[in-house]
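Input: a single structure, listed below in structure tokens.
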Amino acid sequence: MTLPTQRTGVIAKKLGMTRFFDEAGQHVPVTVLSLDGCQVTGVRTVEKDGYTALQLGAGAKKAKNTSNAMRGHFAKAAVEPKRVVAEFRVEENALIEVGAELTADHFVAGQKVDIQGVTVGKGFAGAMKRWNFGGLRATHGVSVSHRSHGSTGNRQDPGRTFPGKKMAGHLGQETVTTLNVTVWKVDVERGLILVKGAVPGHEGSYVKVRDAVKKALPADAPRPGAFRKAGEAAPAAAETPAEEAPAAETEEGEG
């Protein structure tokens, strides 16, 4: 049995959510992800680095806000400074040249993907909101502590609260991976990937999208990936010519 080639993922920008209607007329909530100049900025090889991976960068960043080290790194790759940089482990036969730009047709409709992002931070939250605790009773001796989490330990032995006890604390703003998200549609001209359901992170945040590790890769998925080589211009959007209006017919007898 030959395992499928482990391809690179992409760095996408979360634009927001909308909905579409399927053939049965049911509305499908989707999240719109944009490929904001996702380019290969580095290649890791076994001979040089001990492992095989691709370093990708996405988003525009001003040169004055980029460190000298990263500015030189991007200049060596002949790409503009990137806002976000991330690595994706790939197989040796899935390496892509530096400077290539990943396109939306890297994924196909119906494919399962895993999406990793940083959840929306909600600040300090109580146990009921953070851990879905039921709280204390509304009456019968309970005063002020209706939303408290209750006991935090045992007795004199062990005489302490165990690490990891679910208590009030900071909620959100943590790295989360959503598995087996379905790709609803891809728009190559606009560089958009539409996936069913919600994606971790707020609007404008960057997420990492890769092939699902627990599902088989579709046979029509491009290998090693869909990309434009360095210096290759993006295809222009097809323009539909305007239809000419039919000329008005003049009836006989009219001047």
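Cβ coordinates are placed from backbone N, Cα and C, and glycine is handled just like the others.
Sequence annotations record features per position, and here Swiss-Prot assigns compositional bias 'Low complexity' to 232-248.
A C-beta separation below 8 Å, combined with a sequence spacing of at least six in one chain, links GLN156 (N5-methylglutamine) to none of the other residues. According to DSSP, GLN156 (N5-methylglutamine) is assigned to coil rather than to any helix or strand. The annotation N5-methylglutamine is assigned in Swiss-Prot to GLN156 on the grounds of sequence analysis.
Summarising the annotation, Swiss-Prot assigns region 'Disordered' to 218-255.
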